[in-house]
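Visitor: This is the structure I have questions about; it appears just below.
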Amino acid sequence: MTLPPPAAYADSLRLSVAPMMDWTDRHCRVFHRLLAPSARLYTEMVHANAVIHGDRQRLIGFDAVEHPLALQLGGSDPALLAQAAQIAQAWGYDEINLNCGCPSDRVQAGRFGACLMREPALVADCVAAMCAATALPVTVKCRLGVDDDDDYAVFAGFIDQVVGAGAAMVVVHARNAWLKGLSPKENREVPPLRYDWAYRLKQERPALPVVLNGGIASVEASLAHLQHTDGVMLGRAAYHDPYVLHQLEAALSGRPERARADLLQAYQPYVQAQLDQGLALKHMTRHILGLFHGQPGGRVFRQVLSEGAHRPGAGWELVEQASQRTDDQARRIAA
């Protein structure tokens, strides 16, 4: 497996956006790239079988602006994952990430996701097979454990096995996955966060790139976590309040923050290109509803787009209308 130099690879992991089912599609990722030019982006999880047998353009196609971009795979069959990894490399991805953190019933029934944390030897076999099949970095996203697991040594042992098999980096969602009794949404909120386990993992294994995920919602929290880990991965915060992603990018890069209206306008050429291909406006605008979150007029922006983007023939002028009404509302509030 060919990897970038360790320091350069670790630097590229400082900021990333989590793979989120039904959210981080290609339109979302293009928007996030505009907000955070240096961030590492991740696809929604795609099962290895779907990559091999499905409509690849629909499932794993992406815009060149999205680099660096990782394909997150689901599955537990080493041979299928290896084949999917080869396809991902041919399509131009920068990283392959194996999902060992999703707790949904459907995923459990397929023997992948978080339940794999109880089968570290199998995960190691999957990682080794993908590493043998591709020159791309193969990484793992996992939880601290499942259900009532409360033994750091077991968690660290899982990490050691997958890293020993060739994993180049681990993303640690710093809470357990409860496989019974909680929905996937509740599993992102109810199990307590234990950042200290990720910190300890990095402290004890300084050569291993460790990215922290789970409950990170502000620039201040991100910068604090970066004192202990190589990177932070924003999830829901990057989606519901995407300007936080831009603010963190600015803090890490030293570049000045851009106004929300400027970032919105930067999205226009991509949106127009999709509209010209016959795609409905709603597929792009659903990812920008939170751009003015917490700002005067922010609710107006969300309302105009939510009510109008699904209508036949809706175009960029609706976004301009939403932006103008947001400005008008902000002026009235300030007056």
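Each residue's number is its place along the chain shown, starting with 1.
Every residue, even glycine, has its Cβ placed from backbone N, Cα and C.
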Visitor: Name the one residue among HIS47, HIS173, HIS283, HIS287 that Swiss-Prot lists for the same FMN site as PRO19, MET20, MET21, GLN72, LYS141, ASN213, GLY214, GLY215, GLY235, ARG236.
Guide: HIS173
Visitor: Rank aside, I only need the closest one: which of the recorded positions ASN99, CYS102, LYS185, ARG299, ARG302 has its C-alpha nearest to that of LYS141 (FMN binding site)?
Guide: ASN99
Visitor: Taking the Cβ of ARG188 (site 'Interacts with tRNA') as the reference point, list residues of the same chain whose Cβ is under 8 angstroms away and which are at least six residues distant in sequence.
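Guide: Listed in sequence order, they are GLY214, GLY235, ARG236.
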Visitor: Can you check what DSSP calls ASN213 (FMN binding site), collapsed to helix, strand or coil?
Guide: strand
Visitor: In whole Å, could you give the widest CA to CA gap in the FMN site formed by PRO19, MET20, MET21, GLN72, LYS141, HIS173, ASN213, GLY214, GLY215, GLY235, ARG236?
Guide: 20
Visitor: For each of the recorded positions (LYS141, LYS185, ARG236, ARG299), count the other CB atoms lying within 10 A of its CB, then report the residue with the highest count.
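Guide: The residue with the densest Cβ neighbourhood is LYS141.
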Visitor: Using the structure shown, find which entry in PRO19, GLY215 (the binding-site residues) has the sparsest Cβ neighbourhood within 10 Å.
Guide: GLY215
